[in-house]
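Trainee: Let me begin by handing over the structure; questions about it come next.
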Amino acid sequence: MTRDDKFPIVYSLLLIVLLFVSPIYGDGDADALLKFKSSLVNASSLGGWDSGEPPCSGDKGSDSKWKGVMCSNGSVFALRLENMSLSGELDVQALGSIRGLKSISFMRNHFEGKIPRGIDGLVSLAHLYLAHNQFTGEIDGDLFSGMKALLKVHLEGNRFSGEIPESLGKLPKLTELNLEDNMFTGKIPAFKQKNLVTVNVANNQLEGRIPLTLGLMNITFFSGNKGLCGAPLLPCRYTRPPFFTVFLLALTILAVVVLITVFLSVCILSRRQGKGQDQIQNHGVGHFHGQVYGQPEQQQHSEKSSQDSKVYRKLANETVQRDSTATSGAISVGGLSPDEDKRGDQRKLHFVRNDQERFTLQDMLRASAEVLGSGGFGSSYKAALSSGRAVVVKRFRFMSNIGREEFYDHMKKIGRLSHPNLLPLIAFYYRKEEKLLVTNYISNGSLANLLHANRTPGQVVLDWPIRLKIVRGVTRGLAYLYRVFPDLNLPHGHLKSSNVLLDPNFEPLLTDYALVPVVNRDQSQQFMVAYKAPEFTQQDRTSRRSDVWSLGILILEILTGKFPANYLRQGKGADDELAAWVESVARTEWTADVFDKEMKAGKEHEAQMLKLLKIGLRCCDWDIEKRIELHEAVDRIEEVDRDAGGGQESVRSSYVTASDGDHRSSRAMTEEFSLM
């Protein structure tokens, strides 16, 4: 047999192997799940698990008839068994053989006993949700040592005791840790993760000093622990030993005696000096003091500012000390080149627009400040200037992805943007370690706040016409970004309800747009919304349709009134788990009940609302090839707006797809479509 004759045989054998291997993996997942089910009590609620069908089915292996099982590319990636009245002692050892398992949630059941056996064997797990059960006992300090992929751990609402496992503080990717409402004792271990956003230990029995790395977190995360102290709680008291107290008192008395002696000596010497020389010296000292250390009225202004935050004061003090030699006129205009006086240039507030009131960095830092929010990138403050104007200062910590000149160029490019649905950038401040971006303050606040915050008397309700107006404006602003940034894969990159502000007429204004090029890659992938799209979580890539995915999530949020992050504590939240949230909307019976009741829309609007719901679902289709492109979403939303009696103007004429420059008319895009 010749060498050429052997090739068909080899290929045939390979084909046979592939045909057999594929179902083996599927059967392996099924066997593991059935073995796990056999260890549960009251498992009758697990519908479809005994159907004889594989857990993952469909053309691309992304569908599952097994209740609570989520699949991707033919393998199980998440197990979500919540509110099913399951009980007994949980044993997850059988799940260790499911290679692609990234997330498990057993929240709000009746499991008891110690932390599930075999949990440390799930080394690929990224999300662990065991909250609101009846687990008890101590957790071994090294339990999580081998689970390096963990991003989110939710153990709240149980009766765990003993010390918080030190291995949690050593998980390199950890961003979220919820341990509230347990019985943990001892001290909080050290947490040094750079991307850590939440460590909630409220309502335990912890004591000692809060680690410095957690000092900027929300104060409520540490409430209900009588023994805790340190930022953000009250300072810790230090009880000195008696000997140290006596020694300190003696040292103080000695210092006072020395100071009195020095003072008397200076007085005697000063009287012997000439009057003219004395005047010259006094004038020189006073002039120097005024230049370097500032004016008394500045100190009074700072002391009177009741809203000023400690973090903002720290930033102001650091900057004032660094910039103490800068003059009050050190202010830059948009045309300044980054090559001009690079050292002095870093002390300036650079304005990128010529239609805004000018103020200096010192003016801004002297203003009374109010903390608006804090997130993965940094913090936001409202600064009330002495002129009466209010601005928002956003302090970013992870903007070193490009060099100084490229940063200047990109900020000036953003400053030149002009669209009714974009909040314009006013100015920026550059330092290598941190950046400040300044925008106007919008009193109505964010869409997220109006959708989800507790209702206050007299607050405007977002009815159907307003919500449609918001969707239309958001889409138009996004289409404009797509047109002016044809080379950016993610023209917005961080589209979410908290980044949509509403002006007095409830016209939406997009914020935090076009920042992907300047944000560090690790942080952008960790925190920016576009990187939660399934094509990135599964294939490590983004596309021009990733922002469309974010738009779809936003449309569903606006229509249902449900905040995706609320599902985080129920195992339905960020990252790949948004699939379950979207799926829950898609599978809900499409009646008026799916919509937020606060919209108060009549039956005459139901057809338009359902049409917009379909558009939202098409925008966030899990399959990127089936997901509609932005130009199609624009056309469909404009059609809904026209059907509802909205404005006749369209943004289609100004939008061009980046891939093919397609100029298809709106009419060609308005045919009825089917989702299922």
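Cβ coordinates come from backbone N, Cα and C, glycine included.
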Trainee: Between 290-318, 319-347, I'd like to know which one Swiss-Prot lists as region 'Disordered'.
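Mentor: Checking Swiss-Prot against the ranges 290-318, 319-347, the region 'Disordered' one is 319-347.
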Trainee: Where does the N-linked glycosylation site label fall among N42, N444, going by Swiss-Prot?
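Mentor: Per Swiss-Prot, the residue annotated as N-linked glycosylation site is N42.
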Trainee: Scan N218, N454 for the residue that Swiss-Prot records as N-linked glycosylation site.
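Mentor: My reading of Swiss-Prot gives N218.
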Trainee: Quick check: of the recorded positions listed here (N73, N83, N218, S446, S543), which one has the Cα closest to that of S374 (ATP binding site)?
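Mentor: If we rank N73, N83, N218, S446, S543 by Cα distance to S374 (ATP binding site), first place goes to N218.
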Trainee: Near S380 (ATP binding site), which residues of its own chain have a C-beta under 8 A away, given they sit six or more steps off in sequence?
Mentor: V371, L372, G373, S374, V392, V393, K394, R395
Trainee: For N73 (N-linked glycosylation site), identify the closest of the recorded positions N42, N218, S368, S446, S543, judging by Cα separation.
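Mentor: Checked the recorded positions N42, N218, S368, S446, S543; minimum Cα distance to N73 (N-linked glycosylation site) goes to S543.
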Trainee: Using a Cβ cut-off under 8 Å and a sequence separation of 6 or more, which residues in the same chain sit near S543 (phosphoserine)?
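Mentor: Same-chain residues close to S543 (phosphoserine) (Cβ under 8 Å, separated by 6 or more) are N489, E535, I624.
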Trainee: Which residues does N42 (N-linked glycosylation site) neighbour through Cβ under 8 Å, counting only same-chain ones at least six apart?
Mentor: M84, S85, L86, S87
Trainee: At a 10 Å cut-off from the C-beta of S374 (ATP binding site), count the other C-beta atoms across all protein chains.
Mentor: 16
